[in-house]
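Record features, source TrEMBL:
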type    : residues                     : note
BINDING : K130, Q193, G224, D255, K400 : UTP binding site
BINDING : H225                         : substrate binding site
Amino acid sequence: MTGAIDLLLSVRGHQRVPSDTKEFHEATKRDALMRLKKDLDHLLETVEETRKNGVQKEMCGFEALYHRFLQEDGPSVEWDRIEKLPEGAVKDYSTLKLPQEAHIRDMLDKLVVVKLNGGLGTSMGCHGPKSVIPVRNDLTFLDLTVQQIEHLNKKYNANVPLVLMNSFNTDMDTEKVIRKYKGFQVQIYTFNQSCYPRISRDSLLPIAKDFDIENDIDAWYPPGHGDFYQSFQNSGLLRKFIEEGREYCFLSNIDNLGATVDIKILNRLIGDDRQGDKPIEFVMEVTDKTRADVKGGTLINYEHKLRLLEIAQVPKEHVDDFKSVKTFKFFNTNNIWARLESIERVLNAKTMNMEIIVNNKTLDNGMRVIQLETAVGAAMKCFDGGIGINVPRSRFLPVKKTSDLLLVMSNLYSLKYGSLVMSPQRMFPTTPLVKLGDNHFSKVKEFLSRFANIPDLIELDHLTVSGDVTFGRGVSLRGTVIIIANHGDRIDIPAGAILENKIVSGNMRILDH
């Protein structure tokens, strides 16, 4: 940060000689903020009159984020001040009670389901929003979500609305897609998260020249899911739902197929399992860390409050401590329950203070830029009476890569009213660890072309596939299976093959493992 500010000063040719370093940095920060305000004013002059109000609100949010970015000095967490999680800070899911059937409808009518729908499917080789990638029986993430909520509404004669937070990358395509759900028993609302200008790493100023976002899409970015709170309020939906008597929102990533509405958690918040007079304002669902999750954000107690600690906030010399499964047992699933009135109170008091994630990127033209982002779970410390709930792993089933897609398409799961249910034939509740080579499996289309049908994975523990490998029909994979085709070789696993604890190498030798 200081390097960029020093550079900023030299670029402008200021002749100030502050009496000490602190004063010097304060002066350069003030300059940077003044220059930014000027640039934003110029940008706002290019906005159509009808959009001016909304854009102005967004730019106020960006300016506040930028100001905090300039103020932040050093790590946001001092490692030695992290305290042990207090007794009862993380509730075990198994201690939660099911509500009486008669109360479920009333509870559901106080709930809003929010899905984070701002991501594109480009990393998996797909065009458009990630939520429209087919994941099971030709049904997309969005189809499954709508099915789940419609089932709840029909079963309990309830009216749980679905809210999609889109980004400028996904809103137009999503609006077209959701027309097909008109006949369903689900009210669907959408709003857009903010659209912020990318900052040049050299000048610390926006690279955008005007607000014609479509013509200069590289100059803009959606600022992470921490933007949910402010954008939700700006959209008017937060106030609308409070006025309707709704009390909580359940928020999750749309690609987490395990993030379904949980009646037991809802019962702890507003049902007969509620404890004490004070409402729980914020719940973060966490689950047990495995070796695959060592980089996931975790819950800590800091300054007598529960808060999210991400690996980016950890001082380099403590990264190994952070990854320790013994020290930090849980990681954040990004399934969040938050009280609507509390969100409004914190926003109105301007105490929503989330850690800034500085995301450095290099554009195709070689320009180095900075994106300032925030994470939705980082808001936990801004609320009173926050808790963690240690949920079963089944509530964390994200599809980030084709290796995840392999699992959710397989016989490990069956589909029930839009929810994936693990097969009772699976001996262990954990999912297999799957690693598929990037060169041949990372894009959905190519991944699908390599399987005549998805293998039987019921007894699989670990699968690694690398190189040019294809699978025939009816293949069974059990235990630990490693298949490696060397460069220039190709391996075709024959139809009906049963591979149990096997290593298959480049010349198709099958060895016991």
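Glycine too: its Cβ is placed from the backbone N, Cα and C atoms.
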Residue pair D255 (UTP binding site), the residue listed as 'substrate binding site' - Cα distance, angstrom, rounded: 14
Alpha-carbon distance [H225 (substrate binding site); K400 (UTP binding site)] in Å: 16
For the binding-site residues G224, H225, D255, the one whose C-beta sees the most other C-beta atoms within 10 angstroms: H225
Whole-number Å value for how far H225 (substrate binding site) lies from K130 (UTP binding site) (Cα to Cα): 15
Cβ neighbour count (within 10 Å, all chains shown) around K400 (UTP binding site): 14
Under 8 Å by Cβ from Q193 (UTP binding site), same chain, sequence gap 6 or more: G118, M165, N166, S167, P222, P223, H225, D227, F228, S231
Maximal Cα-Cα distance (Å) across residues annotated as binding UTP, namely K130, Q193, G224, D255, K400: 21
K130 (UTP binding site): tally of other CB atoms within 10 A of its CB: 24
